[in-house]
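Visitor: For A:128-421, the entry in TrEMBL reads domain 'NADH:quinone oxidoreductase/Mrp antiporter transmembrane'. Under the heading transmembrane segment, TrEMBL lists A:6-23, A:35-57, A:77-97, A:162-184, A:204-224, A:236-258, A:278-297, A:304-325, A:331-353, A:373-391, A:411-437, A:457-477.
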Amino acid sequence: MSHWIIAPVVLPAVLGPLIVLLMRNDLTLQRVFSLAGTLALLAISVALLAAASSAGPEVYLLGNWPAPFGIVLVLDRLSALLVLLTAMLAVAVLLYVIGTGWDARGRHFHALFQFQLMGICGAFLTGDAFNLFVFFEVLLIASYGLMIHAGGGARLRAGVQYIAYNLAGSTLFLFALATVYSVTGTLNMADLSVKIAALPEGDAALIRVAGVLFLIVFAVKGALVPMQFWLPNTYALAPGPVAALFAVMTKVGAYAILRFFTLMFGPDVPATGTFYAEILYPAALLTLVVGMVGILGAKGLARLVAFAAIGSMGTLFLGMAPFSPQTTAAVLYYLVHSTLATAALFLIADMVLERRGTDTLAAPRPPIPQNGLIAALFFAGAIAIAGLPPLSGFVGKLLILDALRNTGPYVLAWSAILITSLIAVAGLARAGSLLFWKAYESPPEPVPHDIPPPARALPFVAVGLLLAGLVAMTVLAGPIMGWMEETAAQVHDPRPWIDAHALPQEEE
Amino acid sequence: MEILVASAIGVITMTGIYLVLRLRAFPMVLGMSLLTYAVNLFIFASGRLSIDMPPILSPDGAAYVDPLPQALVLTSIVISFGMTAVMVMMALGAFLETGHDRIDMTGPQEDEQ
């Protein structure tokens, strides 16, 4: 049993308190340790990914208690992939934060950042439903702090909204967990999978209620319509790099839906069947439309990117709805792509905001410093998120379209994806031309609104890293897709996952 | 007893949801607290209702009550307590910064950043 499985949780969990207790007053020291810790996390997650792809699911027993009684962490390809994605994103965001000095605008950024990483990695790795709730709360409570970093009235008010929405979601999560426990008497995910499959007919109604509650809770996290209302304000008003890190938080919801509804409420379970797929499909269509139309109507650049994030979640859930291995492989590819692309766009939006003083799309303003370079970055990011060739968004959408074609009626889903892509292209083109092009037509301001900050290389390196990730995903699409297909096959075959727990056989 | 507990949970949840929907900071904090009380009772009830039984196995094999929901309730109480504290602080900060305690964000102040 490899102890490295718990490292992505323990490392940030140790580093966070160390930063807050010992390095409180020394920003340089905080930066060094935070960056070193995140790089170490990246190295660990690469090693975990290598371990997960060469062997089957591996279970880590916390405190060495046997499986259904103690809490377990489980490493399989899916969780290793998402932990790696989190670590990659964290490194880029951290470089950007250090480069722009966002961490100096408020206190305790790095400690909260580490706690956030701990919560996200824990949520991806845990094999216990209640423990998933606990990690959700860890990542949420850190995100509350990060979201209102550097303060401001509007940001604080959006923060209160965000907390209220997610607290209500957590309450629902607890209701769902209690319902599941009262029916099955366990909260270990592998044990639940076995118990739910063997449930007598009379208990089917209760477990169905629990299934729908879980779907609602994860839909809140994944910003699935009609649970998306918290996202635009939160992402648009959060500090840019924090919003970029939050790009992976919606994916926690997507991950949880994929895990729960393949492992526990699979399509061959008599008690639940495929009813949640029938719920997910129309909701995903609506999410897609709301997000992409929002791009066209957004009044600010950050809000535009927030709606793009909703739209990409719609595409993702639309691909996920059939719950077949082929679509899941495409969805996983798109998931990695959309996380990187959304994060890059949030960082670019923050660059524009920093130089322009406002990110409003209502009227052109004079050109910003480094206009050409930032325009080029925005152009690349917009191409990626809208799904135009040559970047990975195109490959991802093509894979999802192709996979949907083979899993039943596809006309509605195809037209939704294609038409909304066109709307997104129009919205992004409008924003880009207004921000970077028409800037030259507007009269220069008599006094610059702000002294332009000296050009620093590190923020551009951070955005460049994310975009380089997208390019690498495009170039290596073949091998990556091969790996994703094996991952999807593993996700849809929960038997080895359950067997790895070595559950005791029922004595009755 | 089932009816008593079930209706108590129902009434508390109802009151909590009503208060949350008032869209002002203080009623919302109260409503969220009530919702968490309701869910704590609900978790407690998920281990089946029973009176006068210890939550541990005894050597003589006497009846016992499921101890796990009690542990879960402890966790959930601690977490909801912390979350309520965070929310009170944020609501207070928002109130002091903006001068009002409305939760919904419509109107011109939405565009300031």
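Here the Cβ of each residue, glycine as well, is placed from N, Cα and C on the backbone.
In TrEMBL, annotation is done automatically, which means it is predicted and not curated.
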Visitor: State the non-local partners of the transmembrane segment (A:304-325) in its own chain: residues 6+ outside its ends, Cβ under 8 Å from one of its Cβ atoms.
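Guide: Those are 222-225, 228, 231-232, 234-236, 243, 247, 250, 254, 257-258, 261-262, 267, 274, 277, 280-281, 283-295, 298, 331, 334-335, 338, 341-342, 345-346, 349, 361, 385, 397, 400, 403-404, 407-408, 413, 416-417, 420, 424, 427-428, 431, 485, 488-489, 491-492, in sequence order.
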Visitor: If we skip the immediate neighbours and take only residues 6+ beyond the ends of the transmembrane segment (A:6-23), which ones have a Cβ under 8 Å from one of its Cβ atoms?
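Guide: For the transmembrane segment (A:6-23), the far contacts come to 29-30, 33-34, 37, 40-41, 44-45, 48, 60, 62, 73, 83, 87, 108, 110-112, 114-115, 117-118, 121-122, 125.
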Visitor: Would you confirm whether the transmembrane segment (A:373-391) and the transmembrane segment (A:457-477) meet the contact rule of 3 or more C-beta pairs below 8 angstroms, pairs 6 or more apart in sequence?
Guide: yes
Visitor: Could you tell me whether the transmembrane segment (A:162-184) and the transmembrane segment (A:411-437) have 3+ CB pairs under 8 A, leaving out pairs under 6 positions apart?
Guide: no
Visitor: Going along the chain, which residues at least six beyond the ends of the transmembrane segment (A:331-353) come within the CB cut-off of under 8 Å?
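Guide: Residues packing against the transmembrane segment (A:331-353) from afar: 78, 81, 85, 88-89, 92-93, 96, 100, 235, 239-241, 243-245, 247-248, 251, 254, 258, 301-302, 304-305, 308-309, 312-313, 315-316, 319-320, 359, 368, 374, 377-378, 380-382, 384-385, 391-393, 395-397, 399-400, 435, 459, 462-463, 466-467, 469-470, 473, 477, 480-481, 484, 487-488.
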Visitor: Using a Cβ distance cut-off of under 8 Å, indicate which of A:77-97, A:162-184, A:278-297 has the most pairs with the transmembrane segment (A:457-477).
Guide: A:77-97
Visitor: For the transmembrane segment (A:236-258), which stretch among A:77-97, A:162-184, A:278-297 has the most Cβ pairs under 8 A?
Guide: A:77-97
